[in-house]
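Worksheet: one structure, shown below.
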Amino acid sequence: MSGAALGIEIVVVFFLALFLLHRYADFRKQQRMVLFGTLLAWYLCFLIVFILPLDISTTIYKQCKIDHEEHPAVLPVTPLLSNQTAGNSTMATATKSVLKVCYKPWSYIPDGIMPVFWRVVYWTSQCLTWLLLPFMQSYARSGGFSITGKIKTALIENAIYYGTYLLIFGSLLIYVAVHPQWHLSWYELQTIGITAANTWGLFLLVLLLGYGLVEIPRSYWNASRRGHLLIKTYFKAAKLMTEKADAQENLEDVMEEVRKVQESIKYNHPLRKYIDTVLRKCPVDYQEKMGRNMDDYEDFDDKQNTYPSEKSLVKLHKQVIYAVQRHNRTRVQWLILLQQAMHLEDVAKNETSSAHQFVRSFPSTEPTSWLSRYFYTPTVEWYWECLLRHWFYRLLAVVLSLFSVAVVWSECTFFSTRPVLSLFAVFIQLAERDYNYLYIEMACFITIFFLCTCVYSTVFRIRVFNYYYLASHHQTDAYSLQFSGMLFCRLTPPLCLNFLGLIHMDSAISHQLKEQTAYTSIMGSMRVLSFIANGFYIYYPMLILLLCIATYFSLGTRCLNLLGFQQFVGDNEMTSDLIDEGKELIRREKRKLQRIEDGENRRREWKERYGNTREDTARNRIRNEAAEMTETNYSDTVPNTRQAKYSRTGRGTERDSIELLQDAEPLDFNAETLSDDPLEAGSTREDHTKERRSLNLCECST
């Protein structure tokens, strides 16, 4: 099994990162460079999280070997019989301690592999977050029409960004050169750079972790309160409808500018190829409208008209990409939120059902899977949605709350090594005595996974206006994807160092002469900057306690609400108004869906009723024609033939009338169909006119 666990986890983590990227990004529309950069950043960060427990178990095994080499075990001499009775318990304890040997863990990684592995992973992630991803972010957001133009725009936008780095680094070099008593080698300069990056990451890590430690358990507890969850969904619906209307208005304004530009630039203008590129990014319905209004037979005249410059077209191209992305995102999010609201309303209705069968208001249009057909039946769904899910979420919230309390306590006390106050350090040291490597790896993995969940979920939840927003169902833009990759690469290394400090395996914090992990060895000795190792790294994480208290009382949400940003605050008048507005929006959408479903049902019943009549009539016609053909073969008289001829004509007329009856659809009038929208009312009048014409034709034919 030597190295097999490492290889398995490398493959599994890759598919995990690929699955997560597929959930948020659109593989068909996103640029390959954006997808590759984001996937590589997420993959490297997940690798650090999953491989670190293997590094810890291997380090504990190496420490055990070092202890046995320094203090070799000597087998005890068998005592006399008289002394055996007196010291039985002492002999058993001594024999047990002496005969204990170091067992190699099942996931042991040979020497020399982990340092190289960590060095490649760490420096690749740092190059991504500080150099490549900012450049790729500007490149993907650029509205240039050529690769050269996009690269030029990205370099200009990042000039200040990279110039700040060079200024800080140059200032540090000058400061070191001026002080001759500082003789820093390349290794020490490298350690200073790593420490600076980890310090910046730890500063942001504590802020995100303090929010996630409280918000994740509370979100599961609120999910168990169906009434609360439904009210919050109404609130989200009102906010999302406002954003959706704003996105639609923004798209129409941008499309109007595109229409004016494409009408001014004709087919033989040198900038026409750029207009065609912009048009291909527009929605299909707008492309058709603009295509119908084109007069490509007209030539352009430089003396009569003023044409936009290439720079203005680049800006317009960038606006089109942003407007279309935002419009599609809000539309998909509205459909998803509508399904969630209707599902929660169905759960509230089914709770009082005595049949224990989950009934939906609107059946799903998607085909039923074999899992739902045989296992997740309506009865199982009722027990899960109406009975078990409520208690499962509450139990999970309690477990996560206890885990959060343990993390906060350990963050505030991990600097104390005698006595050991950090709970995670106590658990690992107890398992280390028995060399239970499987328990050590599982405990480390669960703890790191919980810390990463608290931090990463906050990254996925935060929203910086409309510039950074991770939206599921393939609706995340390129800028947000790469920004998340940058955050992951900056947060993961200090998070792992913080965890090693929690379990007292970082000598810079615990001040113990023990075998260091391979991950700590590539970070260098923090003693080069003692004020950071002995000050900032120890006392700054205590700020998590204050952040958790602020998050528990929703101080940040209340401050944003006072500043005018609409937030879900239970005792606020604006929140109540938005809840009522969202409830009415959901009702309106449900009425639309109900009208569509009723119309389809009536059409289906109409076709079934007159479809059977048509089949019976056709069957009788074939039978009569066969009989008439037989009579024609055995009769030579002209009147019989003439009679048969006229009888077929009459039946053909009857058949035509029945076909007209089948093609005509029933009147679909309902008091709820009245609309204030003139376009919708006009289309309704046209449909009713067509139906009346079809009925008149039916009456004339009959």
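Using N, Cα and C of the backbone, Cβ positions are placed for all residues, glycine too.
Note that the structure is a prediction, hence the values are computed from the model and not measured.
Here is what TrEMBL records for this protein:
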- 6-22: transmembrane segment (TRANSMEM)
- 34-52: transmembrane segment (TRANSMEM)
- 120-139: transmembrane segment (TRANSMEM)
- 159-178: transmembrane segment (TRANSMEM)
- 198-216: transmembrane segment (TRANSMEM)
- 237-264: coiled coil (COILED)
- 391-409: transmembrane segment (TRANSMEM)
- 438-459: transmembrane segment (TRANSMEM)
- 536-555: transmembrane segment (TRANSMEM)
- 665-702: region 'Disordered' (REGION)
- 683-694: compositional bias 'Basic and acidic residues' (COMPBIAS)
Contact between the transmembrane segment (536-555) and the transmembrane segment (6-22) (at least 3 Cβ pairs under 8 Å, separation 6+) | no
Sequence-remote contacts (6 or more beyond its ends) of the transmembrane segment (198-216), Cβ cut-off under 8 Å?
-> 400, 404, 407-408, 451, 453-455, 457-459, 461, 487, 490-491, 493-495, 497-498, 523, 532, 536-537, 540-541, 543-544, 546-548, 550-552, 556
Run the contact check on the transmembrane segment (34-52) against the transmembrane segment (391-409): 3 or more C-beta pairs under 8 Å, excluding pairs closer than 6 in sequence.
-> no
What same-chain residues lie close to the transmembrane segment (6-22): Cβ under 8 Å, and 6 or more beyond its ends?
-> 35, 38-39, 42-43, 46-47, 50-51, 54, 107, 109, 113, 117, 474, 481
Would you mind listing the long-range same-chain contacts of the transmembrane segment (438-459), meaning Cβ under 8 Å and 6+ residues beyond its ends?
-> 49-50, 52-54, 56-57, 60, 105-107, 205, 208-209, 211-213, 215-216, 400, 403-404, 407, 424, 427-428, 431-432, 470, 484, 487-488, 491-492, 495-496, 498-499, 502-503
Across the coiled coil (237-264), what is the average pLDDT of the model, as a whole number?
-> 90
